[in-house]
Amino acid sequence: LIMLAITFSPRLRSPMYFFLKILSFSELVLISSTVPKALNSFLWVGRTISFSGCATQFFFFIAAAGCECFVLTVMAYDRYMAICHPLRYTSVMTVSFCYQVTFCIFVFATVNGMIEIILIYRLPYCRSHLIAHFFCDIPRMMNIACANTFNAQVYLLTLTLSVFMVPSILIFCSYIKILISIFLLRSTESRHKAFVTCGSHLVSVIFYSGTCMLVHLRLDNPFSSYEDRMLALSYCVIIPTINPLIYSLKNNEMKEAIRKLHLKIVLFKLDLL
């Protein structure tokens, strides 16, 4: 709904909504790569996945997760330019800039997913192939490998730092400057609008990046499989489900665009009848 509303609404043509559409797409891919198979395992007896299926699931999950991290970073930069440098905003956040950044994000996310697949799936798996998880996650795949995985873990740790830690640092630096600029505003209404605009984004970043880093930024695995599954459930299912609600229900322009989209759908159905 968010992607369709932004696409067909002439009022939602700003960079913020453009990147919100990209974020919605990446979350749709992320949640679709894990939830359908998990539901199939929970509801039916067959709880197996092929080796190629596991690799495919892992690739789309990692690519979508990396894409989401960098899109959240660009959205923080967009808010930083809009609040801290409003006179330069239109000259920096141009249409060509948005498309170029999006292209770079997709390329980097795809390359990162391919590298992590090569590092994980070139390991020998000669022991039990039972994974105590609802999808093919990195720590669980490491646990069933029958070779020394230290080098692979170091490489994966480096990649994870570049995908999760670096964007998180950039986001928090942006928001520190944004908060300073907000406190300097004289108008109470302007402060409230800035807090509403940025608050939902910051909450989403904290929960998503925090749980991802807690699971993946470690060489050993001090958590039990149950704790790992609960943490993974938050960034695989809960946060991608909550994010659209946060960005749409707290935004009057988005609610109006969705209402008009719903009206168009109803009128189209009536025309068919």
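Placed from the backbone N, Cα and C atoms, the Cβ positions cover glycine too.
Annotation comment: TrEMBL describes 1-247 as domain 'G-protein coupled receptors family 1 profile'. Annotated transmembrane segment per TrEMBL: 16-35, 55-77, 97-121, 164-185, 194-217, 229-249, in sequence order.
If you count C-beta pairs under 8 angstroms between the transmembrane segment (97-121) and each of 16-35, 55-77, 164-185, 229-249, the highest count goes to 55-77.
Per-residue confidence over the domain 'G-protein coupled receptors family 1 profile' (1-247) averages out at a pLDDT of 81.
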